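What TrEMBL annotates here:
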TRANSMEM  29-45  transmembrane segment
TRANSMEM  52-70  transmembrane segment
TRANSMEM  76-98  transmembrane segment
TRANSMEM  110-129  transmembrane segment
TRANSMEM  135-154  transmembrane segment
TRANSMEM  166-184  transmembrane segment
TRANSMEM  190-207  transmembrane segment
TRANSMEM  214-235  transmembrane segment
TRANSMEM  247-266  transmembrane segment
TRANSMEM  278-302  transmembrane segment
TRANSMEM  395-416  transmembrane segment
TRANSMEM  422-440  transmembrane segment
Amino acid sequence: MELAGLAVFGGFLTPYLASSGVANDFGFFGYIAILNVGILAIALFKKWHELTLLAFTGTVINFASWYGVYYESEKLSIALVALTMYYMTFLLAGFAANAVTRKVSARADLFVLSVNAAWFFGWCYYLLRPQYSDWLGFIAAGLGAVYIFFAYAASVLNPEDKNHTLLLGAIAVVFLTIAIPLQLEQNVITIAWAVEAAVLLTLGFFMKNSGMRIFALGVFLLSAIRAVAYDSSVSYEAFLPIFNKRFFTYAMVIFSATIMGYLAHIKRGELEARERGAGPFLWSAANILFLIAVTLEIFTFYDVRLQSAREEIERERRKNIPVQSETYSGYGDYYSPQNQYGGFGTVYNDPYANYDAKYRSLTNQRNAAISVFWALYAIILMTLGMVIRNSYVRWGALALFGLTIFKVFIIDLASLRTPYRIISFTVLGFILLAASYLYFRYQKSVEGQGENTAQ
(Lines of atoms letter the chains of each structure in order from A and count residues from 1; the text may use other names and numbers.)
(Lines give C-alpha, C1' and ligand atoms only; values in the text may rest on other atoms or scores of the structure.)
Protein backbone atom coordinates (compact mmCIF):
# COMPACT_ATOMS: atom_id res chain seq x y z
CA MET A 1 0.00 0.00 0.00
CA GLU A 2 2.80 2.43 0.91
CA LEU A 3 4.67 1.63 -2.31
CA ALA A 4 1.51 2.19 -4.33
CA GLY A 5 1.08 5.55 -2.62
CA LEU A 6 4.61 6.60 -3.61
CA ALA A 7 3.90 5.51 -7.18
CA VAL A 8 0.74 7.64 -7.26
CA PHE A 9 2.67 10.62 -5.90
CA GLY A 10 5.32 10.18 -8.57
CA GLY A 11 2.73 9.79 -11.28
CA PHE A 12 1.11 13.14 -10.50
CA LEU A 13 4.51 14.79 -10.06
CA THR A 14 5.62 13.73 -13.56
CA PRO A 15 3.86 16.60 -15.46
CA TYR A 16 5.88 19.10 -13.41
CA LEU A 17 9.18 17.28 -13.90
CA ALA A 18 8.70 16.61 -17.61
CA SER A 19 7.19 19.98 -18.51
CA SER A 20 8.84 21.85 -21.40
CA GLY A 21 7.06 25.10 -20.61
CA VAL A 22 4.91 24.80 -23.73
CA ALA A 23 1.20 24.07 -23.36
CA ASN A 24 0.18 20.57 -24.42
CA ASP A 25 -3.38 20.49 -23.18
CA PHE A 26 -4.55 17.28 -24.80
CA GLY A 27 -1.44 15.39 -23.75
CA PHE A 28 -1.66 16.70 -20.19
CA PHE A 29 -5.35 15.96 -19.67
CA GLY A 30 -5.07 12.60 -21.41
CA TYR A 31 -2.18 11.58 -19.19
CA ILE A 32 -4.07 12.51 -16.00
CA ALA A 33 -7.15 10.62 -17.22
CA ILE A 34 -5.20 7.43 -17.98
CA LEU A 35 -3.35 7.70 -14.68
CA ASN A 36 -6.64 8.02 -12.78
CA VAL A 37 -8.17 5.00 -14.49
CA GLY A 38 -5.16 2.87 -13.57
CA ILE A 39 -5.07 4.05 -9.96
CA LEU A 40 -8.82 3.60 -9.45
CA ALA A 41 -8.72 0.11 -10.97
CA ILE A 42 -6.02 -0.91 -8.49
CA ALA A 43 -7.94 0.73 -5.63
CA LEU A 44 -11.08 -1.17 -6.60
CA PHE A 45 -9.53 -4.62 -6.83
CA LYS A 46 -7.15 -4.23 -3.90
CA LYS A 47 -9.71 -2.36 -1.79
CA TRP A 48 -7.16 0.36 -1.16
CA HIS A 49 -9.62 3.20 -0.74
CA GLU A 50 -6.92 5.65 0.29
CA LEU A 51 -5.52 5.51 -3.26
CA THR A 52 -8.77 7.01 -4.52
CA LEU A 53 -8.29 9.96 -2.20
CA LEU A 54 -4.67 10.39 -3.35
CA ALA A 55 -5.71 10.27 -7.01
CA PHE A 56 -8.41 12.85 -6.46
CA THR A 57 -6.02 15.16 -4.59
CA GLY A 58 -3.45 14.87 -7.37
CA THR A 59 -6.09 15.64 -10.00
CA VAL A 60 -7.29 18.72 -8.13
CA ILE A 61 -3.76 20.08 -7.75
CA ASN A 62 -2.76 19.39 -11.37
CA PHE A 63 -5.87 20.99 -12.82
CA ALA A 64 -5.44 24.08 -10.65
CA SER A 65 -1.80 24.34 -11.73
CA TRP A 66 -2.72 24.06 -15.42
CA TYR A 67 -5.36 26.75 -14.99
CA GLY A 68 -2.95 29.11 -13.29
CA VAL A 69 -0.26 28.76 -15.98
CA TYR A 70 -1.89 27.89 -19.30
CA TYR A 71 -5.59 28.75 -19.18
CA GLU A 72 -7.00 31.33 -21.58
CA SER A 73 -10.60 32.21 -22.36
CA GLU A 74 -10.32 30.34 -25.68
CA LYS A 75 -9.67 27.12 -23.73
CA LEU A 76 -13.01 27.15 -21.89
CA SER A 77 -14.36 24.16 -23.83
CA ILE A 78 -11.36 21.91 -23.24
CA ALA A 79 -11.30 22.89 -19.56
CA LEU A 80 -14.97 21.93 -19.14
CA VAL A 81 -14.48 18.66 -21.00
CA ALA A 82 -11.53 17.76 -18.79
CA LEU A 83 -13.45 18.67 -15.63
CA THR A 84 -16.43 16.59 -16.70
CA MET A 85 -14.20 13.63 -17.57
CA TYR A 86 -12.46 13.66 -14.19
CA TYR A 87 -15.70 14.26 -12.32
CA MET A 88 -17.46 11.31 -13.95
CA THR A 89 -14.41 9.10 -13.43
CA PHE A 90 -14.42 9.57 -9.66
CA LEU A 91 -18.22 9.45 -9.43
CA LEU A 92 -18.42 6.13 -11.27
CA ALA A 93 -15.41 4.73 -9.44
CA GLY A 94 -16.92 5.57 -6.06
CA PHE A 95 -20.26 4.10 -7.06
CA ALA A 96 -18.65 0.91 -8.34
CA ALA A 97 -16.53 0.53 -5.21
CA ASN A 98 -19.59 0.57 -2.97
CA ALA A 99 -22.84 -0.24 -4.75
CA VAL A 100 -21.65 -2.73 -7.37
CA THR A 101 -19.29 -4.63 -5.06
CA ARG A 102 -21.91 -4.41 -2.27
CA LYS A 103 -19.31 -3.24 0.23
CA VAL A 104 -19.87 -0.72 2.99
CA SER A 105 -18.50 2.70 2.13
CA ALA A 106 -15.13 3.71 3.50
CA ARG A 107 -14.62 7.21 4.84
CA ALA A 108 -12.22 8.02 1.99
CA ASP A 109 -14.86 7.04 -0.58
CA LEU A 110 -17.54 9.18 1.05
CA PHE A 111 -15.17 12.12 1.31
CA VAL A 112 -14.23 11.93 -2.38
CA LEU A 113 -17.90 11.49 -3.31
CA SER A 114 -18.91 14.73 -1.60
CA VAL A 115 -15.85 16.84 -2.43
CA ASN A 116 -15.85 15.70 -6.07
CA ALA A 117 -19.32 17.19 -6.56
CA ALA A 118 -18.36 20.48 -4.90
CA TRP A 119 -15.08 20.66 -6.84
CA PHE A 120 -16.73 20.10 -10.21
CA PHE A 121 -19.59 22.54 -9.71
CA GLY A 122 -17.30 25.11 -8.12
CA TRP A 123 -15.08 25.17 -11.21
CA CYS A 124 -18.10 25.25 -13.53
CA TYR A 125 -19.49 28.20 -11.60
CA TYR A 126 -16.17 30.04 -11.69
CA LEU A 127 -15.57 29.43 -15.40
CA LEU A 128 -19.11 29.98 -16.70
CA ARG A 129 -20.38 32.82 -14.53
CA PRO A 130 -18.72 35.69 -16.47
CA GLN A 131 -20.40 34.86 -19.81
CA TYR A 132 -22.77 31.93 -19.33
CA SER A 133 -24.40 32.51 -15.94
CA ASP A 134 -27.82 31.58 -17.35
CA TRP A 135 -26.65 27.98 -17.67
CA LEU A 136 -25.61 27.51 -14.05
CA GLY A 137 -29.10 26.74 -12.78
CA PHE A 138 -29.60 24.07 -15.45
CA ILE A 139 -26.23 22.52 -14.64
CA ALA A 140 -27.07 22.36 -10.93
CA ALA A 141 -30.49 20.84 -11.68
CA GLY A 142 -28.87 18.30 -14.01
CA LEU A 143 -26.39 17.30 -11.33
CA GLY A 144 -29.26 16.93 -8.89
CA ALA A 145 -31.00 14.56 -11.29
CA VAL A 146 -27.77 12.57 -11.71
CA TYR A 147 -27.40 12.09 -7.97
CA ILE A 148 -31.05 11.13 -7.56
CA PHE A 149 -30.47 8.38 -10.13
CA PHE A 150 -27.35 7.14 -8.35
CA ALA A 151 -29.08 7.32 -4.96
CA TYR A 152 -31.90 5.15 -6.26
CA ALA A 153 -29.46 2.72 -7.88
CA ALA A 154 -27.43 2.50 -4.66
CA SER A 155 -30.56 1.82 -2.58
CA VAL A 156 -31.44 -1.08 -4.89
CA LEU A 157 -27.99 -2.58 -5.42
CA ASN A 158 -26.62 -2.15 -1.91
CA PRO A 159 -29.42 -1.35 0.55
CA GLU A 160 -27.23 -2.19 3.56
CA ASP A 161 -24.93 0.76 2.86
CA LYS A 162 -27.26 3.48 4.10
CA ASN A 163 -24.51 6.09 4.44
CA HIS A 164 -23.71 5.89 0.72
CA THR A 165 -27.36 6.24 -0.29
CA LEU A 166 -27.93 9.02 2.23
CA LEU A 167 -24.95 11.04 0.99
CA LEU A 168 -26.00 10.68 -2.65
CA GLY A 169 -29.49 11.87 -1.76
CA ALA A 170 -28.11 14.77 0.26
CA ILE A 171 -25.95 15.93 -2.64
CA ALA A 172 -28.98 15.73 -4.93
CA VAL A 173 -30.99 17.91 -2.54
CA VAL A 174 -28.19 20.49 -2.34
CA PHE A 175 -27.89 20.79 -6.11
CA LEU A 176 -31.64 21.00 -6.67
CA THR A 177 -31.96 23.62 -3.94
CA ILE A 178 -29.18 25.89 -5.21
CA ALA A 179 -30.37 25.50 -8.81
CA ILE A 180 -33.54 27.41 -8.01
CA PRO A 181 -32.05 30.77 -6.91
CA LEU A 182 -29.43 30.49 -9.66
CA GLN A 183 -32.12 30.29 -12.34
CA LEU A 184 -35.15 32.03 -10.83
CA GLU A 185 -35.91 35.25 -8.98
CA GLN A 186 -38.11 36.66 -6.21
CA ASN A 187 -41.26 34.73 -5.22
CA VAL A 188 -40.64 32.00 -7.77
CA ILE A 189 -37.69 30.81 -5.66
CA THR A 190 -39.99 30.20 -2.69
CA ILE A 191 -42.57 28.41 -4.83
CA ALA A 192 -39.93 26.22 -6.48
CA TRP A 193 -38.45 25.26 -3.11
CA ALA A 194 -41.90 24.31 -1.83
CA VAL A 195 -42.55 22.15 -4.89
CA GLU A 196 -39.08 20.63 -4.59
CA ALA A 197 -39.79 19.69 -0.97
CA ALA A 198 -42.96 17.82 -1.96
CA VAL A 199 -41.13 16.03 -4.79
CA LEU A 200 -38.23 15.06 -2.52
CA LEU A 201 -40.60 13.68 0.12
CA THR A 202 -42.36 11.62 -2.55
CA LEU A 203 -39.01 10.31 -3.81
CA GLY A 204 -37.97 9.58 -0.24
CA PHE A 205 -40.98 7.31 0.25
CA PHE A 206 -40.53 5.74 -3.18
CA MET A 207 -36.82 5.05 -2.63
CA LYS A 208 -37.34 4.17 1.06
CA ASN A 209 -34.72 6.79 1.92
CA SER A 210 -35.39 8.39 5.29
CA GLY A 211 -32.54 10.82 4.81
CA MET A 212 -34.12 12.27 1.69
CA ARG A 213 -37.43 12.65 3.54
CA ILE A 214 -35.70 14.59 6.31
CA PHE A 215 -33.94 16.75 3.74
CA ALA A 216 -37.35 17.40 2.16
CA LEU A 217 -38.60 18.76 5.48
CA GLY A 218 -35.54 20.98 5.62
CA VAL A 219 -36.19 22.36 2.14
CA PHE A 220 -39.82 23.00 3.04
CA LEU A 221 -38.76 24.86 6.18
CA LEU A 222 -36.44 26.93 4.00
CA SER A 223 -39.33 27.83 1.68
CA ALA A 224 -41.60 28.73 4.60
CA ILE A 225 -38.97 30.97 6.19
CA ARG A 226 -38.30 32.68 2.88
CA ALA A 227 -42.04 33.24 2.32
CA VAL A 228 -42.40 35.00 5.66
CA ALA A 229 -39.07 36.86 5.62
CA TYR A 230 -38.78 37.92 1.96
CA ASP A 231 -42.10 37.47 0.19
CA SER A 232 -44.51 39.10 2.63
CA SER A 233 -44.34 42.52 1.02
CA VAL A 234 -46.65 43.46 -1.83
CA SER A 235 -47.11 46.43 -4.13
CA TYR A 236 -49.97 48.71 -3.09
CA GLU A 237 -50.58 49.77 -6.68
CA ALA A 238 -53.65 47.99 -8.06
CA PHE A 239 -53.71 45.75 -4.98
CA LEU A 240 -56.41 43.08 -5.02
CA PRO A 241 -57.00 40.97 -1.92
CA ILE A 242 -56.27 37.28 -2.53
CA PHE A 243 -55.44 37.88 -6.21
CA ASN A 244 -51.85 39.00 -5.77
CA LYS A 245 -48.33 37.59 -5.92
CA ARG A 246 -47.86 37.34 -2.16
CA PHE A 247 -50.99 35.34 -1.47
CA PHE A 248 -50.28 33.02 -4.40
CA THR A 249 -46.80 32.36 -2.99
CA TYR A 250 -48.23 31.55 0.43
CA ALA A 251 -50.92 29.39 -1.16
CA MET A 252 -48.32 27.30 -2.98
CA VAL A 253 -46.26 26.78 0.18
CA ILE A 254 -49.43 25.86 2.09
CA PHE A 255 -50.47 23.47 -0.68
CA SER A 256 -47.04 21.84 -0.55
CA ALA A 257 -47.32 21.46 3.23
CA THR A 258 -50.77 19.90 2.84
CA ILE A 259 -49.58 17.39 0.23
CA MET A 260 -46.55 16.50 2.33
CA GLY A 261 -48.67 16.18 5.47
CA TYR A 262 -51.07 13.86 3.65
CA LEU A 263 -48.17 11.72 2.41
CA ALA A 264 -46.74 11.54 5.92
CA HIS A 265 -50.16 10.44 7.17
CA ILE A 266 -50.87 7.68 4.65
CA LYS A 267 -47.24 6.46 4.79
CA ARG A 268 -46.87 6.79 8.55
CA GLY A 269 -46.09 3.08 8.83
CA GLU A 270 -42.88 3.63 6.83
CA LEU A 271 -41.62 6.49 8.98
CA GLU A 272 -38.72 5.94 11.32
CA ALA A 273 -38.79 7.03 14.95
CA ARG A 274 -37.00 10.29 14.20
CA GLU A 275 -39.65 11.16 11.58
CA ARG A 276 -42.74 10.70 13.75
CA GLY A 277 -43.19 14.41 14.18
CA ALA A 278 -43.28 15.11 10.43
CA GLY A 279 -47.07 15.00 10.19
CA PRO A 280 -47.86 17.39 13.07
CA PHE A 281 -45.07 19.71 11.92
CA LEU A 282 -46.44 19.96 8.37
CA TRP A 283 -50.08 20.38 9.39
CA SER A 284 -49.10 23.02 11.95
CA ALA A 285 -47.00 24.84 9.35
CA ALA A 286 -49.89 24.85 6.88
CA ASN A 287 -52.28 26.36 9.45
CA ILE A 288 -49.80 28.96 10.69
CA LEU A 289 -48.95 30.04 7.16
CA PHE A 290 -52.65 30.32 6.27
CA LEU A 291 -53.22 32.43 9.38
CA ILE A 292 -50.31 34.71 8.45
CA ALA A 293 -51.39 34.97 4.80
CA VAL A 294 -54.97 36.03 5.52
CA THR A 295 -53.88 38.38 8.31
CA LEU A 296 -51.49 40.08 5.89
CA GLU A 297 -54.28 40.41 3.32
CA ILE A 298 -56.58 42.09 5.85
CA PHE A 299 -53.80 44.36 7.06
CA THR A 300 -52.83 45.41 3.53
CA PHE A 301 -56.45 45.96 2.46
CA TYR A 302 -56.86 48.67 5.09
CA ASP A 303 -53.32 49.97 4.74
CA VAL A 304 -53.93 50.64 1.03
CA ARG A 305 -56.95 52.73 1.94
CA LEU A 306 -54.91 54.64 4.52
CA GLN A 307 -52.18 55.32 2.00
CA SER A 308 -54.73 56.51 -0.53
CA ALA A 309 -56.12 58.94 2.03
CA ARG A 310 -52.64 60.26 2.82
CA GLU A 311 -51.80 60.75 -0.84
CA GLU A 312 -55.05 62.56 -1.54
CA ILE A 313 -54.65 65.00 1.32
CA GLU A 314 -51.04 65.69 0.32
CA ARG A 315 -52.04 66.38 -3.28
CA GLU A 316 -54.69 68.83 -2.19
CA ARG A 317 -52.36 70.51 0.26
CA ARG A 318 -49.73 71.08 -2.45
CA LYS A 319 -52.30 72.39 -4.90
CA ASN A 320 -53.73 74.72 -2.24
CA ILE A 321 -57.16 74.44 -3.81
CA PRO A 322 -60.51 73.38 -2.38
CA VAL A 323 -60.84 69.66 -1.97
CA GLN A 324 -63.60 68.18 -4.11
CA SER A 325 -63.90 64.74 -2.58
CA GLU A 326 -66.65 62.91 -0.81
CA THR A 327 -64.09 61.47 1.56
CA TYR A 328 -62.82 64.90 2.52
CA SER A 329 -65.96 66.96 2.06
CA GLY A 330 -65.68 70.20 3.99
CA TYR A 331 -61.97 70.68 3.33
CA GLY A 332 -62.85 73.24 0.66
CA ASP A 333 -63.85 75.73 3.36
CA TYR A 334 -60.33 75.59 4.68
CA TYR A 335 -58.63 76.20 1.37
CA SER A 336 -61.05 78.75 -0.07
CA PRO A 337 -59.62 82.28 -0.48
CA GLN A 338 -62.22 83.91 1.76
CA ASN A 339 -61.24 81.70 4.69
CA GLN A 340 -57.47 81.59 4.29
CA TYR A 341 -57.17 85.07 5.69
CA GLY A 342 -60.55 85.20 7.42
CA GLY A 343 -61.34 87.78 10.03
CA PHE A 344 -62.51 87.43 13.56
CA GLY A 345 -64.81 84.48 14.11
CA THR A 346 -63.75 82.62 10.95
CA VAL A 347 -63.94 78.81 11.41
CA TYR A 348 -61.05 76.81 9.92
CA ASN A 349 -61.49 73.16 8.89
CA ASP A 350 -58.15 71.39 9.29
CA PRO A 351 -57.84 68.58 6.70
CA TYR A 352 -55.29 66.79 8.86
CA ALA A 353 -57.75 66.60 11.71
CA ASN A 354 -60.24 64.92 9.39
CA TYR A 355 -57.49 62.59 8.20
CA ASP A 356 -56.71 61.65 11.79
CA ALA A 357 -60.33 60.68 12.27
CA LYS A 358 -60.24 58.63 9.09
CA TYR A 359 -56.99 57.00 10.22
CA ARG A 360 -58.45 56.00 13.58
CA SER A 361 -61.57 54.61 11.95
CA LEU A 362 -59.70 52.47 9.42
CA THR A 363 -57.21 51.28 12.03
CA ASN A 364 -60.01 50.20 14.35
CA GLN A 365 -61.77 48.40 11.51
CA ARG A 366 -58.53 46.62 10.60
CA ASN A 367 -57.85 45.46 14.16
CA ALA A 368 -61.43 44.29 14.59
CA ALA A 369 -61.39 42.39 11.28
CA ILE A 370 -58.18 40.58 12.21
CA SER A 371 -59.52 39.65 15.64
CA VAL A 372 -62.79 38.33 14.20
CA PHE A 373 -60.90 36.28 11.60
CA TRP A 374 -58.65 34.75 14.24
CA ALA A 375 -61.60 33.87 16.44
CA LEU A 376 -63.58 32.32 13.59
CA TYR A 377 -60.55 30.32 12.46
CA ALA A 378 -60.08 29.10 16.03
CA ILE A 379 -63.70 27.86 16.01
CA ILE A 380 -63.06 26.02 12.74
CA LEU A 381 -59.97 24.38 14.23
CA MET A 382 -61.86 23.46 17.39
CA THR A 383 -64.66 21.89 15.34
CA LEU A 384 -62.15 20.02 13.21
CA GLY A 385 -60.35 18.78 16.31
CA MET A 386 -63.66 17.44 17.63
CA VAL A 387 -64.56 15.73 14.36
CA ILE A 388 -61.21 14.00 13.84
CA ARG A 389 -60.72 13.53 17.62
CA ASN A 390 -57.30 15.11 17.64
CA SER A 391 -56.14 16.85 20.80
CA TYR A 392 -53.27 18.63 19.01
CA VAL A 393 -55.74 20.49 16.79
CA ARG A 394 -57.91 21.41 19.76
CA TRP A 395 -54.94 22.70 21.72
CA GLY A 396 -53.94 24.76 18.71
CA ALA A 397 -57.45 26.23 18.59
CA LEU A 398 -57.32 27.09 22.29
CA ALA A 399 -53.93 28.76 21.80
CA LEU A 400 -55.37 30.85 18.98
CA PHE A 401 -58.33 31.80 21.18
CA GLY A 402 -55.90 32.93 23.86
CA LEU A 403 -53.92 34.98 21.35
CA THR A 404 -57.14 36.59 20.09
CA ILE A 405 -58.28 37.51 23.60
CA PHE A 406 -54.86 38.96 24.37
CA LYS A 407 -54.95 41.04 21.18
CA VAL A 408 -58.46 42.35 21.85
CA PHE A 409 -57.74 43.43 25.42
CA ILE A 410 -54.21 44.76 24.95
CA ILE A 411 -54.27 46.22 21.43
CA ASP A 412 -57.80 46.66 20.13
CA LEU A 413 -59.48 48.15 23.19
CA ALA A 414 -56.67 50.67 23.67
CA SER A 415 -57.63 52.49 20.48
CA LEU A 416 -61.30 51.64 19.99
CA ARG A 417 -64.09 54.08 20.69
CA THR A 418 -67.04 53.04 22.78
CA PRO A 419 -69.25 51.71 19.93
CA TYR A 420 -66.42 49.58 18.55
CA ARG A 421 -65.57 48.32 22.02
CA ILE A 422 -69.14 47.16 22.52
CA ILE A 423 -69.16 45.46 19.13
CA SER A 424 -65.79 43.77 19.78
CA PHE A 425 -66.87 42.48 23.19
CA THR A 426 -70.19 41.26 21.80
CA VAL A 427 -68.68 39.44 18.82
CA LEU A 428 -65.89 37.95 20.92
CA GLY A 429 -68.40 36.87 23.55
CA PHE A 430 -70.61 35.09 21.00
CA ILE A 431 -67.59 33.38 19.47
CA LEU A 432 -66.29 32.19 22.83
CA LEU A 433 -69.76 30.96 23.79
CA ALA A 434 -69.98 29.02 20.53
CA ALA A 435 -66.54 27.52 21.11
CA SER A 436 -67.42 26.58 24.69
CA TYR A 437 -70.65 24.97 23.53
CA LEU A 438 -68.84 22.91 20.91
CA TYR A 439 -66.17 21.84 23.36
CA PHE A 440 -68.52 20.71 26.12
CA ARG A 441 -71.12 19.37 23.70
CA TYR A 442 -68.72 16.88 22.14
CA GLN A 443 -66.26 16.38 24.98
CA LYS A 444 -67.87 13.20 26.26
CA SER A 445 -68.21 11.66 22.81
CA VAL A 446 -64.54 12.35 22.10
CA GLU A 447 -63.46 10.89 25.43
CA GLY A 448 -65.68 7.87 24.88
CA GLN A 449 -64.30 7.10 21.42
CA GLY A 450 -60.71 7.88 22.34
CA GLU A 451 -58.20 10.20 20.77
CA ASN A 452 -57.05 9.77 17.21
CA THR A 453 -53.34 10.52 17.46
CA ALA A 454 -52.36 9.11 14.08
CA GLN A 455 -50.81 11.72 11.88
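Positions of Cβ are set from backbone N, Cα and C atoms, glycine also.
Please treat TrEMBL annotations as automatic predictions, because they have not gone through curation.
Spatially, the transmembrane segment (76-98) is not adjacent to the transmembrane segment (278-302); fewer than three Cβ-Cβ distances between them are under 8 Å for residues at least 6 apart in sequence. Here the transmembrane segment (166-184) has long-range neighbours at 105, 110, 113-114, 117, 121, 134, 136-141, 143-148, 150-151, 154, 192-193, 196, 200, 204, 207, 209, 211-212, 215-216, 218-219, 222, meaning same-chain residues at least 6 beyond its ends whose C-beta is under 8 angstroms from one of its own. With a threshold of 8 Å between CB atoms, the same-chain residues lying at least 6 positions outside the transmembrane segment (110-129) that come near it are 52-53, 56, 60, 63, 76, 79-80, 83-84, 86-87, 90-91, 94, 135-136, 139-140, 143, 147, 163-164, 167-168, 171, 175. For the transmembrane segment (214-235), the list of distant contacts is 169-170, 173, 177, 186-187, 189-191, 193-194, 196-198, 200-201, 204, 244-246, 249-250, 253, 256-257, 260, 274-275, 278, 281-282, 285, 289, 292, 296, 300: same-chain residues at least six beyond its ends, Cβ to Cβ under 8 Å.
Counting residues 6+ beyond its ends, the transmembrane segment (190-207) has Cβ neighbours under 8 Å at 148, 151-152, 155, 165, 169, 173, 176-177, 180, 184, 213, 215-217, 219-220, 222-224, 226-227, 230-231, 249, 252-253, 255-257, 259-260, 263-264, 267, 270 in the same chain. Away from its own ends, the transmembrane segment (135-154) comes close to residues 91, 95, 98-99, 117, 120-121, 124-125, 128-129, 161, 164-165, 168-169, 171-176, 178-180, 182-184, 203, 207, 209, 212 of its chain (Cβ-Cβ under 8 Å, at least six residues beyond either end).
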